[in-house]
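Annotated (6S)-5,6,7,8-tetrahydrofolate binding site per Swiss-Prot: Leu121, Gly125, His126, Leu127, in sequence order. Marked as N6-(pyridoxal phosphate)lysine by Swiss-Prot: Lys229. Annotated site 'Plays an important role in substrate specificity' per Swiss-Prot: His228, in sequence order, evidence recorded as sequence analysis.
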Amino acid sequence: MFSKSVTLAQYDPDLAAAIAQEDQRQQDHVELIASENYVSCAVMEAQGSQLTNKYAEGYPGKRYYGGCEYVDIVEQLAIDRVKKLFGAQYANVQPHSGSQANQAVYASVLKPGDTILGMSLAHGGHLTHGASVNISGKLYNAVTYGLDENEVLDYAEVERLALEHKPKMIVAGASAYALQIDWAKFREIADKVGAYLFVDMAHYAGLVAGGEYPNPVPFCDFVTTTTHKTLRGPRGGVILCRDNTHEKALNSSIFPSLQGGPLMHVIAAKAVAFKEALQPEFKQYAKQVKINAAAMAEELVKRGLRIVSGRTESHVFLVDLQPMKITGKAAEAALGKAHITVNKNAIPNDPEKPFVTSGIRIGSAAMTTRGFNEADARVLANLVADVLSNPEDEANLAKVREQVTALCNKYPVYGA
């Protein structure tokens, strides 16, 4: 029998120490990785609950195991809340990740060898949108579109390629594109060639939920998202549809095709996050995320850096480091020493290798969760520029680190 009085620190001090160190790192560092965020204590409580003990293959009311009457309630809460949040008629909350949600969408209506048209990874797309190293690029005939000479999504190219290749599915969405995407234009192009339209809104879902980014659900046959990133929930995925046309095919694609038992403790945490995103204060959060990102981009331009696409209309933007004569890899390392966490990222037509890159990606979701306002964002942008202007000067890095520490102490991740 397990005792509730035995703590992790008592039973496994080595693991507890590593978790404590990560907790301290999150407190002491400013998180600017666009795909990361902080979850609430309620989300963590749900994810750490005894729901992890329960197997529940199938769907609410249609399980292959007994004893599912209470986890059915949990899953139905998550389904109902996410449908309300995004105005969807169908929702599947079981995908373990965004990648698996995407796989399920493909498998529901495509056959191996069918043509898909998605955004190039090199121009800001995602691995799962047909990259050659991903299963999506191996199973399907992937054709890619990108940005025009102004680094704006090239809708004319999308239409030209669609007319030329007649894809069975067009994929929209990105992992490193700062501007708003025109879902209606994609719908128009898809209809011209009789293609399914699938949007992966993983990066923008929180902004969509908060009314600060266009909702793709009314325009699309399929929508997926992760539940972390800007949505501020546990790590996982969701599939949404505007109607129930593909319900049976999608449900079968997740179970039994791609997954077995759902992670009920994670689904519970998703339900909590969806409830949080339905609250009025989440709209203010989403608004502040955009304000902070725009403020940072403006300050970095003033300091001589170039923003890919010229500006941001979301939570994320890419910084071209070539004017500073520093690589993304070197910038990531230098900023890390100053307790500012970013990720190196390729920019369009990047001359550097993918593990080196000429850019970094910056996102404002996590810092905004901590409470950073526009003035703080501008201060932080200048600290980033201070590091990039002199990345090898240890005294400079120490000075910036001291200022970052003061900011972090002002805005603890988890208060009392």
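Cβ atoms are placed via backbone N, Cα and C, with glycine included.
Here the recorded positions are His126, His228, Lys229; the one with the fewest Cβ atoms within 10 Å of its Cβ is His126. Sequence-distant contacts of Leu121 ((6S)-5,6,7,8-tetrahydrofolate binding site), defined by Cβ-Cβ distance under 8 angstroms and a gap of at least six in the same chain, are Leu127, His129, Ala131, Thr144. Counting every protein chain shown, 16 other Cβ atoms lie within 10 Å of the Cβ of Leu127 ((6S)-5,6,7,8-tetrahydrofolate binding site). Counting only same-chain residues at least 6 apart in sequence, those with a Cβ under 8 Å from the Cβ of Gly125 ((6S)-5,6,7,8-tetrahydrofolate binding site) are Gly118, Met119, Ala131, Thr144, Gly173, Ala174, Ser175. Between Lys229 (N6-(pyridoxal phosphate)lysine) and His126 ((6S)-5,6,7,8-tetrahydrofolate binding site), the C-alpha separation comes to 15 Å. Secondary structure from DSSP puts Lys229 (N6-(pyridoxal phosphate)lysine) in a helix. Under the three-state DSSP scheme, Leu127 ((6S)-5,6,7,8-tetrahydrofolate binding site) falls in the helix class. You'll find the Cα of His126 ((6S)-5,6,7,8-tetrahydrofolate binding site) roughly 16 Å from the Cα of His228 (site 'Plays an important role in substrate specificity').
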